[in-house]
Amino acid sequence: MSEKKPNILKRFWQWFRKPSRMAIGTIIILSAIGGILSWVGFNYGLEKTNTEQFCASCHMQDAYPEYLHSVHYQTRTGVGASCPDCHVPHEFGAKMKRKIIAAKEVYAHYTGKVDTLEKFNAHRLEMAQNEWARMKANDSKECRNCHNVDRMTFNDQRSVAARMHQKMKTEGKTCIDCHKGIAHQLPDMSGVESGFKDEK
């Protein structure tokens, strides 16, 4: 009488418990393929969520129209900055931290906290202060990806702007201290520090 073969699950378990060279090789290859696919998918997701179109999908009624009338969108040279240029850091660690915070913001939109212009405006100061604090903490790094105070020609600026830019280094100020509202409508600024005090 012939021996009965163990069922397929039992055979797989035995194969898995006593891995041969082929089994180990298969596991390594499948793990490598899985890792590559995960990395590609992860980067694809990062790129898709780093576009102006993605940002506008939630901000079509509030922040996006304001941006379209800003100096960062309409420029005499045609060189502009899109949403991720200002709101998403370039460095990987800082970018991941910002993406986690952005996920909370997307959640707030879809759960109805800021899904209308009225609700958005009610939370505008809170959201703006969070963004200003982030920019202050990183010395307005996203601004400095394009703007370099050391390369500014102060003679071509209005006198007050030239004075302020020259004082930045000595007073420990950064771009966002004076340039709040550069791309979006300002909230009610009662009690909010506006930036440099110009002393002539």
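The count begins at 1 with the first shown residue.
Cβ coordinates come from backbone N, Cα and C, glycine included.
Here Swiss-Prot flags 22-42 as transmembrane segment, drawing on sequence analysis. What Swiss-Prot lists as topological domain 'Periplasmic' is 43-200. Feature annotation from Swiss-Prot assigns heme 1 binding site to Cys55, Cys58, Met60, Glu105; the stated evidence is similarity to another entry. Look at Swiss-Prot and you will find Cys83, Cys86, His87, His184 tagged as heme 2 binding site, backed by similarity to another entry. Summarising the annotation, Swiss-Prot assigns substrate binding site to Lys99 and lists similarity to another entry as the type of evidence. According to Swiss-Prot, the heme 4 binding site annotation covers Cys175, Cys178, His179.
Mapped onto this structure are the features recorded in Swiss-Prot.
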residue : record                 : contacts (Cβ under 8 Å, 6+ apart)
Cys58   : heme 1 binding site    : Val106, His109
Cys83   : heme 2 binding site    : Thr51, Glu52, Cys55, Ala56, Tyr67
Cys86   : heme 2 binding site    : His72, Glu142, Cys143, Ala183
His87   : heme 2 binding site    : Cys55, Arg98, Glu131, Glu142
Lys99   : substrate binding site : Leu46, Thr49, Val88
Glu105  : heme 1 binding site    : Val114, Met127
Cys175  : heme 4 binding site    : Met135, Ser140, Cys143, Arg144, His147
His184  : heme 2 binding site    : Ala63, Glu66, Tyr67, Ser70, Ala128
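In the shown protein chains, 17 other C-beta atoms lie within 10 A of the C-beta of Cys178 (heme 4 binding site).
Across the residues of the topological domain 'Periplasmic' (43-200), the predicted structure has a mean pLDDT of 89. In this structure, of the binding-site residues Cys55, Met60, the smallest number of CB atoms within 10 A of the CB marks Met60. Cys178 (heme 4 binding site) sits 27 Å from Met60 (heme 1 binding site), taking the Cα positions as reference. A sphere of 10 angstroms centred on the C-beta of His179 (heme 4 binding site) encloses 17 other C-beta atoms.
Look at His179 (heme 4 binding site): DSSP puts it in coil.
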